[in-house]
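Below is one structure, written out as structure tokens; the observations come after it.
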Amino acid sequence: MRNVQDQPLVSPTEPMIDPFGRAVTYLRVSVTDRCDFRCTYCMAEHMTFLPKKDLLTLEELDRLCSVFIEKGVRKLRLTGGEPLVRKNIMHLIGNLSRHLKSGALDELTLTTNGSQLARFAGELADCGVRRINVSLDTLNPEKFRTITRWGDLSRVLEGIDAAQKAAIHVKINAVALKDFNDAEIPELIRWAHGRGMDVTLIETMPMGEIEFDRTDQYLPLSQVRADLASQFTLADIPYRTGGPARYVTISETGGRLGFITPMTYNFCESCNRVRLTCTGMLYMCLGQNDDADLRKALRESESDEHLSQAIDEAISRKPKGHDFIIDREHNRPSVARHMSLTGG
């Protein structure tokens, strides 16, 4: 087994540039397709998860991430599924933190449902994790259990408290769902801003299994913003985090609110990211099915040059934009794979 602390990386190369002149500096890595929740817009209730043999080992994930960092990635986000349910995940995070210490990586972060944060917040902070996103769509315990199918809201809130006590900045991600949580969004904003947390609202995306009621729950954020403007004073700001969100400040709370609108506003012109699955498939776009098998390149050779070439070939196919559209007539997703596999 390669020593991840001592293994030399590939020789420095020019930053990765896609066919449309966009620098790829952000890698999102789904470390597992498993989750302890079953959120209705993310996965089916009775999911069949990948067998262990199909997953990249933690050492392989480290090697892949390290090559991407050598090729110009400055921000690394671990996702899932739920990343903190992957066995020995802190070993991987601890190893990856060496890139923060060397200055090769600007940020190591993760998106989580919060269920495991009370257990891991201190270790995450010790590894240099300074910011995390927590997915939280409602503060109503009954609705929370409905949308997550299995989730316990109190456990998530305990996790958020633990993260903040560990000096980790928490941002709340909420999917806006028509006739489910739309009336609660102002309350969620006040609650989060009152605790020093930004909020980002997200439109539901047509990925994976789409049930009839889910299609009907699509809520354009343009409508949400108009509703919020009747209660709050919103001011556009140029704040950016390297992602697709457009931000406003809310005068009444003093906090920031982001909008991610893949369905009503195409943010592709500034896309700086690619997504790696736990099986080693690289997706150049969340809303396209084109992929590259990096597991094959990873296991064919100990040479990182071979892996680097496979990454370059994949980046050369990064598309101009996504294909998201909700097909109400046929009730089918525009992208068949589940968000839990691609990484939310």
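Placement of Cβ uses the backbone N, Cα and C atoms for every residue, glycine included.
As annotated by Swiss-Prot, GTP binding site applies to Arg28, Arg77, Thr111, Lys171, Arg273, Val274, Arg275, with the evidence given as sequence analysis. Secondary structure at Arg28 (GTP binding site), as computed by DSSP, is strand.
Taken residue by residue with DSSP, Cys42 ([4Fe-4S] cluster 1 binding site) is part of neither helix nor strand, so it is coil. Sequence annotations record features per position, and here Swiss-Prot assigns [4Fe-4S] cluster 1 binding site to Cys35, Cys39, Cys42.
Residues or ranges marked as S-adenosyl-L-methionine binding site by Swiss-Prot on the basis of sequence analysis: Tyr41, Gly81, Ser135, Met205.
Under the three-state DSSP scheme, Cys271 ([4Fe-4S] cluster 2 binding site) falls in the coil class. Its own atom aside, the Cβ of Cys271 ([4Fe-4S] cluster 2 binding site) has 23 Cβ atoms within 10 angstroms in the protein chains shown. Annotation comment: Swiss-Prot describes Cys268, Cys271, Cys285 as [4Fe-4S] cluster 2 binding site.
The domain 'Radical SAM core' annotation in Swiss-Prot covers 19-245.
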Task: Check the Cα distances from Cys42 ([4Fe-4S] cluster 1 binding site) to each of the binding-site residues Gly81, Met205, Val274 and keep only the ones within 10 Å.
output: Gly81, Met205
Message: I need the nearest neighbour of Cys271 ([4Fe-4S] cluster 2 binding site) among the binding-site residues Tyr41, Gly81, Thr111, Ser135, Lys171, using C-alpha distances.
response: Thr111
Message: Checking the spread of the S-adenosyl-L-methionine site as listed (Tyr41, Gly81, Ser135, Met205): what is the longest Cα-Cα distance, in whole Å?
response: 16
Statement: Of the binding-site residues Cys35, Cys39, Gly81, Cys268, the one whose Cα sits nearest to the Cα of Arg28 (GTP binding site) is Gly81
Statement: Within 10 A of the CB of Cys268 ([4Fe-4S] cluster 2 binding site), the number of other CB atoms across every chain shown is 16
Message: Taking DSSP as the reference, which of helix, strand or coil describes Ser135 (S-adenosyl-L-methionine binding site)?
response: strand
